[in-house]
Amino acid sequence: MNRFFNRELSWLAFNTRVLNEAKDESLPLLERLKFLAIYDTNLDEFYMIRVAGLKQLYEHKIASKGIDGASPEEQLEKIKHYLAHEIEERELEFQKIQALLFKKGLCITPYNELNLEQKAKAKTYFKEQLYALVLPFKLDSSHTFPPLANLTFALFAHIKDKETQSASYALIKLPSFIFRFVELEKGLFALAEEIVEAHLEELFLEHEILDCMAFRVTCDADIAITEDEAHDYADLMSKSLRKRNQGEIVRLQTQKGSQELLKTLLASLRSFQTHSYKKHKLTGMHIYKSAIMLNLGDLWELVNHSDFKALKSPNFTPKIHPHFNENDLFKSIEKQDLLLFHPYESFEPVIDLIEQAASDPTTLSIKMTLYRVGKHSPIVKALIEAASKIQVSVLVELKARFDEESNLHWAKALERAGALVVYGVFKLKVHAKMLVITKKTDNQLRHFTHLSTGNYNPLSAKIYTDVSFFSAKNEIANDIIKLFHSLLTSSATSNTLETLFMAPKQIKPKIIELIQNEMNHKQEGYIILKANALVDSEIIEWLYQASQKGVKIDLIIRGICCLKPQVKGLSENIRVYSIVGKYLEHARIYYFKHENIYFSSADLMPRNLERRVELLIPATNPKIANKLLHILEIQLKDTLKRYELNSKGRYAKISNPNDPLNSQDYFEKQALKTL
């Protein structure tokens, strides 16, 4: 018997749970639409990175197998098979929601169903807003098929010259920055691509439009950097980002159009692909013909529309922790260590702490890591302001996938302001979230530390669940300062910390040691691990051994889980759960009954434990330990948003009509009570 679930199929099962939220009839309609948008965006990234990586392995005949022993070719086939039915489910769900929205006055209307007045408005919109932005190409001997960037959305048309009667083909690129949903009347929307299609004869004068289809390509978007050759890492990353859009096509999505037109499109795509693709004749590319609009990720436009608030869940306003009501946050932290649970407790104190430090004349230095900060960052702006007055040292991780460009921008801005900027660490990704502020008062140095499971990004802090920790303890600050020094001197793999634990050297051995300790207590042992993913085979094997010793193990794994639970003789004492709700579960909390409870930036994956700089923080303060344990206990009682994984790899939603509990709703209400 194989002891592990396949990683890729486990991720797809997570995205299925996202799709299930779109099917939840208890949710407002735009909330359901939101989950369809998330589903599609997730799948885009899965193809850009995971499927693209498998294709590279397959095409280069690299004998690399998944944790379950499946070859790249086998995994690609399993992915295609898994999605074949689910893509149809997604289309049906969209059509159901679309019909329900129509009854509520929000209409996504096909162009051919518009009346004459609405078509006139669409024509005006085309002339004033779209005509100058679309890029039409007539494909002939002097105009070959142009390269397509990742996530290109375009129309492919069969056209005929009215005078010569000669037929040819045309490509019309639609820019990504245009509004997809065009509001012609209050609540009535037409799709931009359908408006363009209806006016193709204005782009190709004296031509008849014989056939047309919308299509979208997804390309390999991973960035391969040879760090050994990097003299200027920022410059190398900048050049690599420019190449991201030139990757091989891994997925083609089409809508409408004849089979003959699709064949011609495939032949045209083949004409500019690399030798590898010509050799394989595009057989590795996954092709999906859609009965609905392409790219449901654009549904965010409707979800965020200001006129339809009644069709969404009420916005929750994160609450300020009562201990932070004082004007001087540093005094608050000096009194006691504090733990916040975002988004239920506001992220504002984190921003305020940096802003207060920047304006405080007693502040000597700020040291901080930045992983994903977003395009509009009040935190970076505060650091830029501080850099003109005090010592500011920032490690900006340029390898944060899909945030590389934003991070590079902020790194350059910080450098211009006078901050010391370090662009990551050689062959490691710095994923630890840490901040230490040093002040001088009464002729003494005082250190204030902030550590978190989540990013320094106020926007994601409103939709991700994370814990963040504030302390004025010297032993914690000393460890963080030591870690910063090791990052600056590229000795992160050789240093060890005294109070905290860091990857790649300390976290994995520590977790194994903690599992072994619970094994010594046999049936009295108890482990709860909450993480985003569980993939590391060594950790899984130790959990199997602990189960066989009688240790009870509850795993709350949001996404990928390669461990097989409830297998007799292997893992019958292990239960695996997943919570999918309005907030993305992102905190990592690790509880060991006979030792301690920890929180961490690290998931239980080889990349986190072996190839990243991460932190594992013990909760030595009893109040904080109890708060972390309370989070786990409530989530293990969830009967509305919690799924359980069985030994066959299937997830079933847990339901108890007599005791309904949505853990995320519970924490919202609990935050209100603390005021």
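Using the three backbone atoms N, Cα and C, a Cβ is placed for every residue, glycine included.
Annotation comment: Swiss-Prot describes His431 as active site, phosphohistidine intermediate, evidence class sequence analysis. In the three-state DSSP reading, His431 (active site, phosphohistidine intermediate) counts as coil.
Cβ environment of Asn42 (ATP binding site): Asn15, Val18 lie under 8 Å away, each six or more residues apart in the same chain. Marked as ATP binding site by Swiss-Prot: Asn42, Tyr464, Arg558, His586.
For Arg401 (Mg(2+) binding site), the count of additional Cβ atoms within 10 Å of its Cβ stands at 13 [all protein chains shown]. The Mg(2+) binding site annotation in Swiss-Prot covers Arg372, Arg401.
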Report summary line: Spacing of the two Cα atoms, Arg372 (Mg(2+) binding site) and His431 (active site, phosphohistidine intermediate), in whole angstrom, works out to 9
Query raised in the report: Using Cα coordinates, what distance in whole Å links Arg558 (ATP binding site) and Arg401 (Mg(2+) binding site)?
Result: 20
**Report entry** Cβ contacts of His431 (active site, phosphohistidine intermediate) (under 8 Å, same chain, 6 or more positions away)
**Finding:** Tyr371, Glu397, Ser601, Ala602, Asn608, Arg612, Val613, Glu614
Report task. Measuring Cα to Cα, tell me the gap between Arg401 (Mg(2+) binding site) and His586 (ATP binding site) in whole angstrom. Result -> 17
Report summary line: Given the ATP site Asn42, Tyr464, Arg558, His586, its other Cβ neighbours within 8 Å of the Cβ centroid, in chain order, are Asn532, Gly559, Leu584, Glu585
Report task. Can you check which residues sit near His586 (ATP binding site), meaning Cβ under 8 Å from its Cβ, same chain, 6 or more apart in sequence, and list them in order? Result -> Thr453, Gly454, Tyr464, Thr465, Asp466, Asn532, Arg558
**Report entry** Site of maximum Cβ density within 10 Å, from binding-site residues Arg372, Arg558
**Finding:** Arg558
